[in-house]
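Asks: Before I ask anything, let me first share the structure, which is written out below as structure tokens.
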Amino acid sequence: MTTTAPRPPAPLPSRRDRRGRPSGSRTRATVALAPLVARRRARDDVGLLVLAALLLTGTVLLSVALPRLQARTADEVVRQVTADAGTRADVLIRLPGGNPVPDERDEDAAVIVANLARDLYARVPDVVRDATDEPVTAVQSVPGLAKVDGTPLLVRLVHLGGTDADAPELVRWVEGEEPGAAPFTPTSDDPDAPPPAEPPVLEVHVGVAAATARELGIAVGTRFPLTTAGAATSAVVVVTGLYEPVAPAAAAWETFDDLLRAMPAPVTGQAEARVGLLLSDASLPDLALTLASGAITRTARLPTDPSALDEAGARAVADAVVELTTRPDLAIPGGTPAVESGLPAVLDDAAEKLAAGRAQASVLVVGLATVGALALVLASRLLVARREVLLVAERARGASVASVVVRALAESVPVALLAAGAGAAAAVALVPGATGGYGIAATVTVVAVLAPAVAAALVVRRAWTGARQPANRSDRERLARRRAARRLTGELALVAVAAAAVVSVRGRGLVASGGGDVDLLLAAAPALLAAAATVLAARVLPPVLRGLSRVAARRRGLVGVVSVARAARASGTAVPLLTLTTAVALVVFCGTTSTTVSAGQVTAAGVVVGAEARVDGRIEDDRIAQLRDAPGVTAVAAVTEQLGRSFGRSSGVKARLLIVDTADMARILTGRGEPADGWAELAEPSSDGLPTLLTPDLARTAQLVEPQFMAAQEFVELDVQGVVDAVPELARHDAPAEADGEKETDPEPPSGAFVVDRDLYVQATGRPAPVTAVLVDGPGARAAITAAGFDDLAGVTVTEHDAWLEDARTSPVASSLGALLLASAVLLALYAAIALALTVVATSRERGRTLSALRTQGLDARAARALTLGELAPLAVVAVLAGSAIGIAVPWALTDALGLDRLTGAPGTAELRLSWVPVAAAAAVVAVSLVVAVLVESAVRRRDRLGEVLRVGER
């Protein structure tokens, strides 16, 4: 019996590609042998790959480390600005007043204040509590004039305390005893008893600093009537002891310097000194019995701890303090405390300085990354050019573009990831503990990964495109015109984008960005300008080279003709030109910015200090005369500053009045090389009013109102004789807000100012003008100030021009920016040298063919070097010229956006200053790099044998 075996089922039809091949074979053909081919090719070009890896490692290192350094510097800036602000950065809580008419002595007065401060401190937001120390409590009387042994003194009674019961004592008593409770004077309980003939004496026992007692002759047991506003008619102050501070730098004393020593009284008052009298816990209750509640202020001050602040949390702290001051939800029995603090303004000032520093860093970080990425593109193009024969052969044997890309990625991905990882790890190790973004580093890494693959794909695609060209010449010309139109449109769009970026950044000004963020729009401006300059150079350079070619054709020798012809071909390479232009632009930008900031700091020192040295405080006429007679002093100008002068009748405009020895001020300005127009003329009387100079903003106001100011009880006419750009910036002194019968109510000084002569002011107003500052100029200024004893005077501060300038230059923002500019310039110069070397190597093959052919015609080595130099010189010259122009234009056009005036130390002092040094340095780097590359190439070609050239025909 015959059986038939079952027929196997027919196989399912497989999916095929457009060429009829199974889809699986297409994938295998694309990725097959990619690791093996990549490994072999990497071994053949290991030197170039190592160079590319080093470039990527360095670029990633800079891209990661610089933002981290910026973040670390930002924390230092916030802390220093807060520390420099002193008590202005503290949070002050004014406690509600006590019983308006206390009927009995409250022995727990100090404890009550401490408990209130402790309760309020617990209810303050956590971010504010973390940024401040324990509260310092103070109960003080309003200042009042009192005569102590016949000496008029401005006195106030102060009790200092805190919330920590175990805190160490603030003082030690060196004579007498600690103030105690005053003796109690009993009163009759009989309502029908007649009142006493004289009111009972109300004593308040106080302590006086030993230094104050020695200076003013106050001894233990001294008694004097308390004449402070709101005091009882029979109030008497009794000094029971003398003390010395245990820790003079403690936070409790920061706002009460008159408790440590006698301080100068306000210049407009009658007192000879300002003195604080210390109350103890035991004598504090007597203050409430002696003064009305309106004459007593109870405060709890939260000292800000600068070390607890950083940039990341500064904004949250400022917002919490602002919310606390505008809506102090701290109601307690007796009322709602008032909260005030200058900390938000201090942190805003720090934020502006950080924004300025970050603006520079943004330009440099993105610029370094851009130049590094372009250098990587050049290295990738060189790598692909060395393999062009192999890649074209692969394509000819049927390899797809995708397979070529995959093999290139199989080589570039591991190298890029290892190099980028090494760079990032090195940055974290070098700058530990800081934060920073990795976006720029990731972008550069992506460029390093894709550049070889894209370059290889373009090579094989151009070699075997399969595109058909029209046979008709008119059709070919039409296609060429379309390509030219598309190129022109793209170039115009690029130029428009660059111009729009500059206009946008210039219009918006400085923008604060937190957390180390990079201002991409500002940072992209130099790169966009460099790209636009490259496009314009690519359009302008060919006609120029054609003109040079005609000139060279009329001269003897082949070097000029051949080098210009080859330069015309080399100039069409946009990437080398863009790389060199960007690098040179940023080098010049670094030098120009550094020069501008440095010169602006010198200008700011002159504006802030005003002379070689300035003395602020209450200064007697005999000391001023001693300064004028001192050797080495060329001029001494006494200055009186009055804030909040009404300018114009019913105008509502407040201005700053400066009463100056104008003739001396003119000599100071002339000696310092500054304009002194109009200063000396202010000392000459005028029938039209008191001669004056106005600042520009006040001059605009004078065009709308009659120029006159309130002096004492009436307005005084002013004769405006000109405009002065800058007036002396004086330190805020402790003078009261009242002068000549007019009170200053604004917390910030007015921006407008006007200057008058001292002698003419006294004649016009009949009022004296006590000196609040003295400007001393000349080489012997510092010695004269020391000899006059100003360094030891309480309430007097000395500011030196050179010391202020040194502080400005060594501040965290300025010093870190200077180091960043210098380091960036060096690194950019290195990038420019590398880019130029890669360009020389990339064009050496074609140039070698030309030189080999010319060697058979008798070309010597010297002429070959000249030809190579002439070929690459136009590229270098254009890069230097365009880059220098951009490096100067960026700080000029974007001065406000870069925040340069925040870095100088005074507004309006950052004017563009040009210097030949950065341009010459950039040109020298490019020239030396070009010469070295030419010499190296010539040395390599010297080993070529002419016999081989004749036999083979080229190398």
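Any Cβ shown, glycine's included, is placed from N, Cα and C.
TrEMBL annotations: computationally assigned, not manually curated.
So TrEMBL says this about it:
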- 1-12: compositional bias 'Pro residues' (COMPBIAS)
- 733-746: compositional bias 'Basic and acidic residues' (COMPBIAS)
- 825-936: domain 'ABC3 transporter permease C-terminal' (DOMAIN)
- 1-28: region 'Disordered' (REGION)
- 733-753: region 'Disordered' (REGION)
- 46-66: transmembrane segment (TRANSMEM)
- 363-384: transmembrane segment (TRANSMEM)
- 404-431: transmembrane segment (TRANSMEM)
- 437-460: transmembrane segment (TRANSMEM)
- 488-508: transmembrane segment (TRANSMEM)
- 520-545: transmembrane segment (TRANSMEM)
- 566-589: transmembrane segment (TRANSMEM)
- 817-842: transmembrane segment (TRANSMEM)
- 872-894: transmembrane segment (TRANSMEM)
- 914-936: transmembrane segment (TRANSMEM)
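Surface or core, plus neighbours and distances: that's what I need for these features.
Replies: The average pLDDT the prediction assigns to the domain 'ABC3 transporter permease C-terminal' (825-936) is 80.
Same-chain residues lying 6+ beyond the ends of the transmembrane segment (404-431) with a Cβ under 8 Å from its Cβ atoms: 30-31, 34-35, 37-38, 41-42, 49, 52-54, 56-65, 68-69, 72, 380, 391, 394-395, 438, 441, 444-445, 448-453, 456-457, 460.
Outside the transmembrane segment (817-842) by six or more residues, the chain places 55, 58, 62, 66, 69, 357, 360-361, 364, 367-368, 371-372, 374-375, 378-379, 381-382, 385, 573, 576, 579-580, 583-584, 586-587, 590-591, 593-594, 597, 809, 868, 872, 875-876, 903, 918, 921-922, 925-926, 928-930, 933-934, 937 with a CB less than 8 A from a CB of the stretch.
Within the chain, the transmembrane segment (872-894) has long-range Cβ neighbours (under 8 A, six or more residues past its boundaries) at 363, 502, 505-506, 522, 525-526, 529-530, 533-534, 536-537, 541, 544-545, 563, 567, 570-571, 573, 576-577, 580-593, 596, 836, 839-840, 843, 900, 912, 914, 918-919, 922-923, 926-927, 930, 933-934.
Sequence-distant contacts of the transmembrane segment (914-936), counting only residues of its own chain at least 6 positions beyond either end whose CB sits under 8 Å from a CB of the stretch, comprise 580, 584, 587-588, 590-592, 595, 825, 829, 832-833, 836-837, 840-841, 865, 868-869, 872-873, 876, 879-880, 883-884, 887-888.
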Asks: Would you say the transmembrane segment (46-66) and the transmembrane segment (488-508) are in contact under the rule of three or more C-beta pairs closer than 8 Å, pairs 6 or more apart in sequence?
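Replies: Counting Cβ pairs under 8 Å, fewer than 3, so no.
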Asks: Could you put numbers on the helix, strand and coil content of the domain 'ABC3 transporter permease C-terminal' (825-936), residue by residue per DSSP?
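Replies: Helix, strand and coil residues of the domain 'ABC3 transporter permease C-terminal' (825-936) number 93 helix, 0 strand, 19 coil.
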